[in-house]
């Protein structure tokens, strides 16, 4: 009791102390026992599961319905107190009341979870104490009878109220719905427990607590049980559609898809849960899935009748119960209606009006006031409770009610009616009762003023001249009466919105007396009022005629009429909205069926169009439907025309015919051509009144065009692909706006269907072409029989002869036939031919076919595949791992090695993806590897190449599976995924690798080891293979630059060629070395592989150090600044402006200038450790040496590598221009050298300040050289103004750092003739004297060294020397930009000095040649001791036309 009291206090109920009396407790226990006994008797007598509840005479059902006082007073009236708020009985609650002391007066028959329980009360409550729910209305009761207490009118909860409660309280409704299912099973029948009922009632009231408790405490089993119990049973009957669906769902590509871009609707399925359990979307009728709903219809005469809402909830109409009520009326001051109800299983269904179960459902019951219900349609739907609507009171009974009670009773009569015609009939009958009128009419507003649909606003008589004795069926036989807007009395009321009360209708000019003449009825008094909705818009007009007593309608009648019509307006608007929603549901179901039908039939265009035509003719109901397809090439004509006529369905072949007729009838080109051209929709009510219609199509034919609806069919791009035309709607009606909307939707689906069918047909054609192409490809990809015969007759040497077991195997001396014979030896030694019964000639042809399908690329060719197979053979035989893998897997591995790069294009997977190649579209991951595998299968399945033909089915499947895994494992991306688990397992014993998963891992790693096996070979082999790989990579990089306009990665960038040694070291450390060390751990016999990798790594490190050393010795920009400071602070200060101008003039190439002879100059070698610096000094203006002792590094200028590579090309291009521009013939120069600047400037451009700086630098070097050579004689400065200059030199090919010493030596011998020894030692410079017409000469000395930079020594006045050559060969020259700063504006400068005639060599090797010079010694460059002998270092000089010497040094 304490718990019950606390719960009652929690819900606001008053708990009486007298409830604690023992007498009442005993009485309660007796009542419970009686109820249990009655329940047991009912179970024994009633075989069905439908519960029967008998009510005690003292039991009063829970109050429900609208109370009159609730209309007049707000819910917050002090005399009203709130109910418990628990779920009402008909909505799944316990029905247990908590008003006053009623708790001990319960007399409950049976405890069923969710079954309505009546409420017992000792004393009836007064009317103003009737409990109200939260909305101000009393909660619905479990019975449908009506009772009054103190004038209160009580009715049952209607299905509409239950549906509204379901929307407002979805959790409670689902709870009730769940227990309705459980209550009908025998295992859930249990006796009533009062304490359990109280707790359940409290939980019903406190849903927030229930949810919170469920979230915190519910177990997984509880949630699963809840989900199972709430699953929709109808969903199990749904048959999946046969229409194909796209695998990736969205974004479809523009290629091959419909192209439709449907936006994602911002709606969630959770939003539909607020309305309770909805009907299933998909149903099954005759084994065919459909979207049309099954079960009793909701929009026919039963709409608004009993069970109309609950029947369709959940899609499966459950069991119903019908209440039969006997009403007893008592003549008290306030009538009290008590009622006795009992359940009757399997009651009638489908009552359409209050008090009649017949109504619109056709059961025969007249919808009279107080009429009894008919038999209904007799359908029984188990599991659902459905309450029959209460019968309407008779007119005599209504007359006994006061005004407010009467209005309230009539409002209840219409508030739950949702069928428009039935509602209008009830409104007119109730209005006649209220106003005591003889008959009435009701008009509804249709159309809009200047609406987009073209319908004008008017009044349509839904019901006309309705009398109290008329029925809905009689009214349906009447024709509609249309009243123009603003015409007549009704039109005036609709337009003005004001009521009209006319005592004598014939006295009003707006009255139309023709109606009376037709009906024979005399209209006298007339009251007409508008019906408005909640927003104040006029939605209808109601009028009543002639009061029964012959009087006129008074102002009181007007007020009563107006008050009642306010409720009628709300009910009428709800009924219209409900009717529209039902029609919208039906339309959506039809469109969904159409979409399903279209997309499940896409085999041919004929089949798809035939289904569209049949569905459209059935829906629109017209005589003929045509679909005309526009010609793709000629948009002004139709390629195909499909006809369908209504009587085609009645022919004998209708069931077997799957395609429509084509071009049976004449085509109306006028209208269809207009639509096909403009895309406009044409709706013609009378074809002969339209100028576009060609009347000749009806000549000589019994068919006549009347109404035409024509619309364009468009694809997703908005292009017109066809026209759909409907002709002659049935019953001589015109095509309406709704028809246009339907045809528009059909046209959209038809366009998608036609597009998809065209794509399907194109796909079929493409597949046929592919089959033919594959057949042709397999024929040409296979080797000929003659080649196989020839290979078959060749003798195959042993594996020892081929050295196939050697890890240092080299195929450099192998011919192609030798590689094929070596492959045959592998198959023979591994016993594949005998074990798998491989035909030897088929094996020969297969090998020839595999070799034929490798492209002639630089590296990934047949030789690479052969070397990979040899390494796999060596590993299998050396380690005896063939015992682990078995013969089948060994066969797959050898085949995989030979085929793992089939049809390789010389590009990797990344390039295929970047280029969006067809291969990348075909395979998303491991693109090339999948292609290699497909090519392998194609060859294996080609006739004459089926080496696996004699394998069993299981062995063949296993070989293919291992083969695919092996080829895909050659992708480094797959290698990185599997390497981690493999490295963790290398310490396992041999027995560990026998299992399937470790064995597959070992196979994958073995493929990678063999694929990269070139890194384990001796250095000569590795070096050769590395050159091939880098060459192929560079080719791909060039393609990425040219075709894709992207910068390749470093390893494929030809500009980063000299960084390849270091990249190769990184490749070994990150990829190769870990896996080979792991394999050496697995088997000691694989240790040579690791040693080979480490040895090659050392060689690559040596090459990388060479590149690094050369790069580190390049002069930094700070040294350039130091040189500039030396020039500005030293000897250059003594230079006069005239000398500077002379220097600048001499710098300009091909321009005559004056030159002065040099008094004297010395050449010496200045060595410091490994860096050798060369300084050449000469004072520009005097013979006195300068005091500045600073030496300037000759290697002060950095040279761009790309410019160095372009140097030779520049010399060739400009050679002709140099020859044409030169005014003097060259003396001993072997070729003419021209070096245009990067900016395209020539040497005739004005002198720039930087050239002045360069001249100063040359003068400083010469001055420094002069101070160091004290033994040199002074010479006179001479100038020449009439000599021209020319350049000569040869190109030097830049070699890669990957080239070996042998190649470089061979290259040097080729270029230098027999004096190749000079390439490895200090070059000897031979002086040659050249005399000209002038007594003075022009001397040029230009030194240049190139590896990653250039070195230039320039002097205006220097030592005169003759033309020099190295080893008697031509001059070697390479010109690059001089300085990095301002390189885009500075031309390439060639230093010019005077002739060094008569200068002896410092080392005594050479002597004076013409009596004018001093000895000039050879020297070693400062890079000589740090570079390997096989790397090239180049110097070049340029001479003038008088015989200036150019010299180059190659190291």
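Heads up, the Cβ atoms here are built off N, Cα and C, so glycines get one too.
So that you can see what the record holds, here are the features copied from Swiss-Prot:
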ACT_SITE  860  active site, proton donor
BINDING   864, 900, 901, 1011  divalent metal cation 1 binding site
BINDING   901  divalent metal cation 2 binding site
COMPBIAS  11-21  compositional bias 'Basic residues'
COMPBIAS  24-45  compositional bias 'Low complexity'
COMPBIAS  77-91  compositional bias 'Polar residues'
COMPBIAS  160-169  compositional bias 'Low complexity'
COMPBIAS  235-248  compositional bias 'Polar residues'
COMPBIAS  327-340  compositional bias 'Basic residues'
COMPBIAS  341-355  compositional bias 'Low complexity'
COMPBIAS  356-374  compositional bias 'Gly residues'
COMPBIAS  1142-1171  compositional bias 'Low complexity'
COMPBIAS  1218-1234  compositional bias 'Low complexity'
COMPBIAS  1268-1277  compositional bias 'Polar residues'
COMPBIAS  1328-1355  compositional bias 'Basic residues'
DOMAIN    419-572  domain 'GAF 1'
DOMAIN    604-754  domain 'GAF 2'
DOMAIN    783-1107  domain 'PDEase'
REGION    1-54  region 'Disordered'
REGION    75-100  region 'Disordered'
REGION    125-169  region 'Disordered'
REGION    235-262  region 'Disordered'
REGION    327-374  region 'Disordered'
REGION    1109-1171  region 'Disordered'
REGION    1200-1248  region 'Disordered'
REGION    1268-1305  region 'Disordered'
REGION    1325-1364  region 'Disordered'
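Ranking the binding-site residues 901, 1011 by how many other Cβ atoms lie within 10 angstroms of each Cβ puts 1011 at the bottom. Each of the recorded positions 860, 864, 900 was ranked by the number of other C-beta atoms within 10 Å, and first place falls to 900. Taking the C-alpha positions, the distance from residue 901 (divalent metal cation 1 binding site) to residue 860 (active site, proton donor) comes to 7 Å. When the Cα atoms are compared, the residue listed as 'active site, proton donor' and residue 900 (divalent metal cation 1 binding site) turn out to be 10 Å apart. Using the Cβ center of 864, 900, 901, 1011 for divalent metal cation 1, the list of other same-chain residues with Cβ within 8 Å runs, in sequence order, 860, 865, 868, 897, 904, 970. Annotation note: residue 901 (divalent metal cation 1 binding site) sits in a coil segment as assigned by DSSP. The predicted model assigns the domain 'PDEase' (783-1107) a mean pLDDT of 94.
In the three-state DSSP reading, residue 1011 (divalent metal cation 1 binding site) counts as helix.
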